[in-house]
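What TrEMBL lists as compositional bias 'Polar residues' is 252-273. Among the features that TrEMBL reports, domain 'Major facilitator superfamily (MFS) profile' is placed at 26-483. Annotated region 'Disordered' per TrEMBL: 245-276, in sequence order. TrEMBL lists 82-105, 112-134, 140-168, 180-199, 205-226, 294-315, 335-352, 359-376, 388-413, 425-447, 459-479 with the feature transmembrane segment.
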Amino acid sequence: HPIPAPQTLTSLLPPSHSYRGLTLVLTFLCYTSYHLSRKPISIVKSQLHPNCSALGPNPHNDSNSTNWCSWAPFDGDNYKELFGALDNAFLVAYAIGMFISGIFGERLPLRYYLSGGMVVSGLFTALFGLGYFWDIHVLWYFIVVQVCNGLVQTTGWPAVVACVGNWFGKGKRGLIMGIWNSHTSVGNILGSLIAGVWVSSAWGLSFVVPGIIITTMGIICFFFLVEYPEDVDCSPPLHHVMTTSEKDPEAVTSNEGPLSLSGQSSADYSNSPKEPAEEPEAISFLGALRIPGVVEFSLCLLFAKLVSYTFLYWLPLYIVNVAHFGAKEAGDLSTLFDVGGILGGIFAGLISDYTGGRATTCCVMLVVAAPMLFLYNHVGQNGIGTSIAMLIICGALVNGPYALITTAVSADLGTHESLKGNARALSTVTAIIDGTGSVGAALGPLLAGLISPTGWNNVFYMLIAADVLACLLLARVVVKEARGWCGPMARQRGYVCS
């Protein structure tokens, strides 16, 4: 049974619209702090192995003449491979943990689960930075901290999407969650800026300060988050679109996919309120996989997230190497990719709400993203103006589909009509989709670390190939959406689409 909301909050706030606003703000700030704590590693990389010759003569006559200012064990020629190992320690643990996290999220109080995960994640984030103050130079310490942090951070995404899905129905979900999902980019931007303040002086603080921030947000979440509308005597949202057959109480519920005709009717419906004794059981892993569209969107997200996380972890280093900026300047410039991500997420949500075509919106953006990635690599560093414009465009096209799938699509599928009103599938479905995507998030930085010694051109060819594969995996759902649009228009003209 859900844990009741704090009584102090219940007495202070008016009805449901205020609670909805509170849920949006709190979950936004919570996941902003999650991403804020993940970003420093990409900023600090350039300081762990900087260009020592640019700092002047070597003050230590007995140390390596070219890498004397680097932080051991990242002072060798294999530093890129070690950076890749750090990234993958976090991302592989995150991908594995995500498949388990959603199952726990359906069975534990979300408020406890989310706030506890944030506090522990803050601890591990700070521990990475404390390696600077404790003068730790062994690789295993940083690897272990990254693995633990990756596992704990899986508490975040299924919990916040489930909370928002519990409060908001399908009508404007794409736009609302597109705006709300900007927390990912806002967190990356803030993480870059905060880490950049101390990266050149005491890089340990680049981790300690974000660790304190996410811990603080976890405590706030514990006291103020309201998990379910029923906890405060509010009506649950309308999740489904009513078809002709559903208007007849004797008709059988439609088994069509969640995206086929979602934009063709304005009449929503809600399942009958649950009796207190009829609490449904949480959905199984295999049961969630059988929901139409879950497999296709999960595999698409694998490749879309591969591209996004390669930029997240390697873009500052790419800018340093190609455009020859300093560590702080490269970190600041890389935030423009996330600015584009905010715009792309909002645009994708708005268009998909208007058209009813979540998959088609993702596919079009992915198709356009491929040539934009090619252009950024070849002309993106020709001037600061060009670089800014290309980073914003690429960020919008790469992160738009990623944002739409992990938010509105996950919520649509987690409240799919085939579940017959069982709302206890949101966390599991979200975890399956994001967990599969996290496999790509782990592969992207790993492949970038292995390929980058052969040239950055090859890294971008890999990203373009992943982008195309993401698009192809949605082909079946796109065809289904097109038939859904074609049917009503064709019937008005007296013929049937093939």
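Note that Cβ sites are derived from N, Cα and C of the backbone, with glycine treated the same way.
If you look at the transmembrane segment (112-134) against the transmembrane segment (388-413), you find fewer than three C-beta pairs under 8 angstroms, all six or more positions apart, and that falls short of contact. Stretch with the most C-beta contacts under 8 angstroms to the transmembrane segment (388-413), considering only 140-168, 335-352, 359-376, 425-447: 335-352. Using a Cβ-Cβ cut-off under 8 Å and counting only residues 6 or more beyond its ends in the same chain, the transmembrane segment (140-168) has close neighbours at 19-20, 23-24, 27, 30-31, 34, 37-38, 85-86, 89-94, 96-98, 100-102, 105-106, 110, 113-114, 116-118, 120-121, 124-125, 127-128, 131, 176-177, 180, 225, 227-229, 236-237, 406-407, 410-411, 414-415, 423, 426-428, 430-431, 434-435.
Between the transmembrane segment (359-376) and the transmembrane segment (459-479), the number of CB pairs under 8 angstroms, six or more residues apart, is three or more, so the stretches are in contact.
For the transmembrane segment (205-226), the residues of the chain that approach it from at least six positions outside its boundaries are 5-6, 9, 19, 22-23, 26-27, 29-30, 33-34, 36-37, 39-40, 43-44, 110-112, 114-119, 121-130, 163, 191, 194-199, 232, judged by C-beta separation under 8 angstroms.
The stretches the transmembrane segment (459-479) and the transmembrane segment (294-315) meet in space: the count of Cβ pairs below 8 angstroms, excluding pairs fewer than 6 apart in sequence, reaches at least three.
Within the model, the domain 'Major facilitator superfamily (MFS) profile' (26-483) carries an average pLDDT of 81.
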